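A short worksheet on the structure shown next.
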């Protein structure tokens, strides 16, 4: 099957050369041959363009080389304002078509995002934001834009996950990386499967959702009575191997099982926390109190005042304030990130309504953090 893929790619290259030479019939013939050999998205997209718009002569698109690459032998995609009609009669430009073909031609996740192999989180986020806005199906109606958008999302989902990225780099199988076949299965190692759909990933970046850690009121295990939980999506990987696969899965799950057992044992060995930042009827922590220093409200049970006095009470109130400040700091970070992303999207789309919405965000947690900071300095 992979031999057919190579032959199909050669046919697509011949078709592009024919288009550049103005030979529409030859290009169409080789694209149809490529379709029979292997279902390449680039061949299908080019064939649709020929059938709808005739010859698309010009420089053939190619993957964006990562920064630092010395290869300058390939021509850049030409700018062209020629427009066509996509699905549902919506228009698209030749630039958009070239961009879609460029993405679909990329052979690994790094080429899809246009980053180097040592790119950090910020580089990946910057590259994803730029490409996701450019190729989102609501904005780009060129043939194959949806597949390109999915490919971008899958590439980011893999490279932004340290474990998947490590597994992806170790295989060395970049030729087939991040290409999704028509039968709905990836044709390479399972480490390149995304745990989140491209649309959900887009909503996280531009819809206000942030999968960051959230501080909950107290799990014990240290003197401060606070614990931060990091929520992560977990994907269900497809079973591809038989035989001793069950034993391999068991070995892989052993660290997780050990962690769960240790966590359960630690919970059994730790006493209930003496306070909560929110009323909790289940533990009887419904009596409202306030710290002496910052005036932070917290809730205790009916026996608290008898058990905690003097220095013990001061230690508890110090823990209350530390947990409260941590909570406010995390929420302030989320507010700032949301505002930054909205401003970026408004700039890209030139959307005044979105810009006004970003400017109108109340930033309540950030204001509270400033108030607490001034109290600390004043104290």
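Heads up, the Cβ atoms here are built off N, Cα and C, so glycines get one too.
Features of the protein shown, as given by Swiss-Prot:
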{"type": "COMPBIAS", "residues": "69-84", "note": "compositional bias 'Polar residues'"}
{"type": "DOMAIN", "residues": "108-172", "note": "domain 'J'"}
{"type": "REGION", "residues": "55-93", "note": "region 'Disordered'"}
{"type": "REGION", "residues": "219-241", "note": "region 'Disordered'"}
{"type": "TOPO_DOM", "residues": "1-244", "note": "topological domain 'Cytoplasmic'"}
{"type": "TOPO_DOM", "residues": "266-379", "note": "topological domain 'Lumenal'"}
{"type": "TRANSMEM", "residues": "245-265", "note": "transmembrane segment"}
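Confidence annotation: the topological domain 'Cytoplasmic' (1-244) carries a mean pLDDT of 67 in the model. For the topological domain 'Lumenal' (266-379), the DSSP counts in helix, strand and coil order read 73 helix, 11 strand, 30 coil.
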